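First the structure, in the form of structure tokens, and then the observations on it.
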Amino acid sequence: MTAEAPPLGELEAVRPYPDRTGPKGNLVYKLITTTDHKMIGIMYTVTCFAFFFIGGLMALLMRTELAAPGLQFLSNEQFNQLFTMHGTIMLLLYATPVVFGFANLVLPLQIGAPDVAFPRLNAFSFWLFLFGGLIAASGFIVPGGAADFGWTAYTPLSDAVHSPGAGGDLWITGLIVAGLGTILGAVNMITTVVCMRAPGMTMFRMPIFTWNILVTSILILIAFPILTAALFGLAADRHLGAHVYDAANGGVLLWQHLFWFFGHPEVYIIALPFFGIITEIIPVFARKPVFGYTTLVYATLSIAALSVAVWAHHMFATGAVLLPFFSFMTYLIAVPTGIKFFNWIGTMWKGQLTFETPMLFCVGFLLTFLLGGLTGVMLASPPLDFHVTDTYFVVAHFHYVLFGTIVFATFAGVYFWFPKMTGRLLDERLGKLHFWLTFIGFHTTFLVQHWLGDLGMPRRYADYLPSDGFQPYNVASTVGAFILGASMFPFVWNVFKSWRYGEVVTVDDPWGYGNSLEWATSCPPPRHNFTELPRIRSERPAFELHYPHMVERLRAEAHVGRAHGPADKDVTRLDDVQVRS
């Protein structure tokens, strides 16, 4: 007797949910051995937040020290170690790897791929980052303490004569190891985007976030090998007497050129992905397609190209760079960034806006990053830069740009994609409390630092005189820093509570208006992401899947990648026929 196969229409792929859990303690084994991009993305993100909180505690210690002159509960040496490791952790152990956290979580889903191109290399990249970060931070437990020469490690301050001890060596070694993980992660993301897009997913149908990760990964391959080589040279100087960075040979300026040729593309390496996150979120809460898709892509490419031509604006005060060229290029890079602002505002214009927590953080990003960008244009002028270089004006600018971009957009992304990754919703009331504490605390901390810099307070000083007149501003800044620190408590509680007890998501798209493919699969997705893929005929496949009655109107309005006009009304494109249904 033979069994008769059921009719084709009755077949349905069903996910066995929930997953089998295994014995107690199995989670640790799964974390160590996993190659699932979603789990690796969560591991990246959780690890980055751990580093973020450690770096934030260091900042609170420094702000407490600066609240009043003569306080000195930290020694000068401890203060130097804190600002060095604060900058290192925030930039290289939080901001850069959290890019790969979001890329792992979202990018394969957005292009319809079952995983990244090299899953084991992906896991290897994470472990390199983790152990590299631990090596760099372990300087605090060795005799002599951690690295204390600033996160920029200017020579000769960072050589063996001026900064002896294991802390500097651990810092160099840790950044080499973590940087290798970043380089391998970039190779993986480029290969994934180029080789693993779903049928119908042309380059100009990719989500903007995917575009930005692709461009960021290319920038990483340009910038990070230079940092790695420069660090190897510094290690050779410290241990082999290589004299690469000897002042007599022009080595001091050589280090600055090498470091900043990495350092300025690095600013955009940690900005572009978060521009992408903002570009994914705003259309969903404006109930509109993204305005100016093509110009956003070209603006991203322009920023990437210009980012490798402006590094010496960090070196205006050396008197050894061509001021007009680097000043002009720095002004120029504001143009594509302004285009992005124009598109974000255009997306919201006349939209049906609602202000859930992800959208609130997007608005916070827009305001904060705009102010930071304006002070950046001011610093692009050499006469102004000469006045405020190495003062708290630069510190304020730097934090407005980077906190405004990275932290606000990180929180926006966490609140936006948390339901997709966990199958549960975060608490909106706690989310709004978190936003307002973060927004108020940040601006209270850093707005007054512009005035401190204009008054002449130098950065990296552990104390100042009562007669300097800096104390009122420093008190305000310290109060803001503690508000900012307090804002993390509702966030951590929200994540913990919601992950275990939050409202369960029963639909593919809990926000209702998602555009890209991650909103066309379950929450959380199955191991290989999709049981079936919708047709990809525009840059909004999930929206068209959920609102098929809108497709004809969208075609008539001629969105990106579509032929339009009366003559094309009945034309069926070849790639529409070939995509799987």
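Every residue, even glycine, has its Cβ placed from backbone N, Cα and C.
If you check Swiss-Prot, you get these features:
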- His86, His399: Fe(II)-heme a binding site (BINDING)
- His264, Tyr268, His313, His314: Cu cation binding site (BINDING)
- His397: heme a3 binding site (BINDING)
- 40-60: transmembrane segment (TRANSMEM)
- 89-109: transmembrane segment (TRANSMEM)
- 123-143: transmembrane segment (TRANSMEM)
- 170-190: transmembrane segment (TRANSMEM)
- 213-233: transmembrane segment (TRANSMEM)
- 258-278: transmembrane segment (TRANSMEM)
- 290-310: transmembrane segment (TRANSMEM)
- 315-335: transmembrane segment (TRANSMEM)
- 359-379: transmembrane segment (TRANSMEM)
- 398-418: transmembrane segment (TRANSMEM)
- 433-453: transmembrane segment (TRANSMEM)
- 476-496: transmembrane segment (TRANSMEM)
Tyr268 (Cu cation binding site) and His397 (heme a3 binding site), Cα-Cα, nearest whole angstrom: 15
Per Cβ pairs under 8 Å, the stretch of 89-109, 258-278, 359-379, 433-453 packing most closely against the transmembrane segment (123-143): 89-109
In contact by Cβ distance (the transmembrane segment (398-418), the transmembrane segment (213-233); 3 or more pairs under 8 Å): no
CB contact flag for the transmembrane segment (258-278) and the transmembrane segment (170-190), at least three pairs under 8 A: no
Folded-back contacts onto the transmembrane segment (40-60), same chain, C-beta under 8 angstroms, at least six residues removed: 31, 34, 82-83, 85-86, 89-90, 93-94, 97-98, 100-106, 122-123, 126, 129-130, 133, 137, 414, 421, 481-482, 484-485, 488
Cβ-Cβ under 8 Å with the transmembrane segment (359-379): same-chain residues at least 6 beyond its ends: 274, 278, 281-282, 285, 313, 330-331, 334, 337, 341, 344, 353, 385, 388, 393-394, 396-397, 399-405, 408-409, 411-412, 415, 431-432, 435, 438-439, 442-443, 450
Neighbouring C-beta atoms (10 Å sphere around the C-beta of Tyr268 (Cu cation binding site)): 25
Where Tyr268 (Cu cation binding site) falls in three-state DSSP terms: helix
Cβ-based contact of the transmembrane segment (398-418) with the transmembrane segment (290-310), 3 or more pairs under 8 Å: no
Residues from the same chain, set at least six apart from the ends of the transmembrane segment (476-496), whose C-beta lies under 8 A from its own: 53, 56-57, 59-60, 63-64, 66-67, 411, 414, 418, 426-427, 430-431, 433-434, 437-438, 440-446, 448-449, 452
Mapped DSSP class for His313 (Cu cation binding site), helix or strand or coil: helix
Secondary structure at His86 (Fe(II)-heme a binding site), reduced by DSSP to three states: helix
Other CB atoms within 10 A, centred on His397 (heme a3 binding site): 23
Cβ neighbour count within 10 Å of His264 (Cu cation binding site): 22
Rounded inter-Cα distance in Å - His313 (Cu cation binding site), His86 (Fe(II)-heme a binding site): 23
DSSP-derived class (H/G/I helix, E/B strand, else coil) of His399 (Fe(II)-heme a binding site): helix
